[in-house]
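Novice: Have a look at the structure that comes next, please.
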Amino acid sequence: MKIKHLFRRKTLTVEQRIKRRNIISFAGFAVLYAGIYGSWRWLYNAPEEVAGITGGARKPLRAALNKTELAFRKVFDPKHLVKTYPASMGAKEVRQNGDIGIDTAPGPDWELLVTKQSGQELHISLNDLKALPKTDITFDFKCIEGWEQISHWAGVKFSDFIMHYHLEDHAKMQYVGLSTPDENYYVGIDMPSAMHPQTLLCYEMNGQPLPVENGYPLRLIIPVKYGVKHLKRIGSMVFSNERPPDYWAEQGYDYYTGL
Amino acid sequence: MKTIKEKHSLAMRWFHWINFPLLTIMIWSGILIYWASPMLPILFPEWFYKLFNIPFRLAEGMAFHFLFMWFFIINGVMYVLYTLVSGEWRELVPNRHSFKEAWLVLLHDLHIRKTIPPQKKYNAAQRIAYSAIILMGIGSFITGLAIYKPVQFNWLCWLCGGYYAARIEHFLLTIGYVLFFVIHIVQVILAGWNNFRSVISGFEVTEQP
């Protein structure tokens, strides 16, 4: 059968019409699925992003993660709180998933180093922080792996800390960056999440000073993020309008990871 | 004499065949995520994970899942809107006879009964199955959003019975899709070529005396 007959409607018998429509629809189907398959191959084999603040993800997927972040940032509301529980429900055996940046003994002369935009440094001791109003929270800690655990923490509200040290101008910047003293683990936090009323600079767990493996002397507790952002043993704090380095974002994870 | 009987609109075929790869990618990337902290460790043995190269791909799984969720949802929403606007929902949503009829269809398919109730475009069992799968899709969307943003959508999380419950539900719905798929394929094979072709070409061929 010649191709041109396919398109000559008038003279077609039922048999011919069936054949014609079969060919057209199956050809269309084949083109659609070839396109889908080709797109998938393109995406799956897409080159990895250039390692920088983020890394380890396929380029188009990183772009999608960043776009998705923008969409979900619009629904972020500091009035949306994580569910809290009575302190007595906090786990006694608190799970901890990693010791990157805290695998050496903590130094006896620890202080929190805050570098201001002017270059001025604040050196803040644990006792300085303990002198500030204390806030505690018992919430469902969520790991990016999927597990969760109700646990009880206490410390200084991040927003209280900002006010006490007159860092309000700095809190107008986009990000805060935190790092362990050895700089082996570091996180970047968008400011709205850092200033969320349930974000703590935490020094107690279950009413006791933090155990070393849970971040002694000071860790971040940020219930609007997965555990990967709850940096243990905070050594330094910086403020920036650019994304500060983030350990897991360099390894293919979403930078934002907001809950 | 053979006649052409129109069956599935182009839109229906489009939604169906776009959904298939999207759902496949969602399930695959979902397993990459699930592996990191399985709730039902007995379900997938080691060899299963190895066979499909699942382990240690959490970041990758999340990146795929959170891209394709958009397409999956858009396609699903468009499909539902289409059935509503076109009126095709009337052929899809079960009516008050459907549950009794579906039982008779089931008995027939299992070769327990010889006769089958008179059929329209979709039989009663299909109406129930094809409507249930949409409700399941809505369930996956709600439980997924509850897991994805449990603080911003804490009311959704509450609605699902909490974070852990939402994860279980999200997972069980996925198992439901796989079971649906298996039965669907068996039925398609049993129904034969004419039926299968109609989902690609849109028409069936009937013999008129």
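Glycine too: its Cβ is placed from the backbone N, Cα and C atoms.
Straight out of TrEMBL:
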DOMAIN    B:8-200  domain 'Cytochrome b561 bacterial/Ni-hydrogenase'
TRANSMEM  B:20-44  transmembrane segment
TRANSMEM  B:64-85  transmembrane segment
TRANSMEM  B:128-148  transmembrane segment
TRANSMEM  B:168-193  transmembrane segment
Novice: Mind checking which residues of the chain, 6+ beyond the ends of the transmembrane segment (B:128-148), have their Cβ under 8 Å from one of its Cβ atoms?
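Specialist: Those are 66, 69, 73, 76, 79-80, 92-94, 98-99, 102, 122, 156-157, 159-160, 163, 166-167, 169-170, 173-174, 176-177, 180, 183-184, in sequence order.
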Novice: Grab the pLDDT values for the domain 'Cytochrome b561 bacterial/Ni-hydrogenase' (B:8-200) and give me their mean, rounded.
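Specialist: PLDDT averaged over the stretch: 91.
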Novice: Let me spell it out: take the transmembrane segment (B:64-85), skip the flanking residues so only those 6+ beyond its ends count, and list any with a Cβ under 8 Å from a Cβ in it.
Specialist: 11-12, 15, 18-19, 22-23, 25-26, 28-30, 32-33, 92, 134, 137, 141, 144, 148
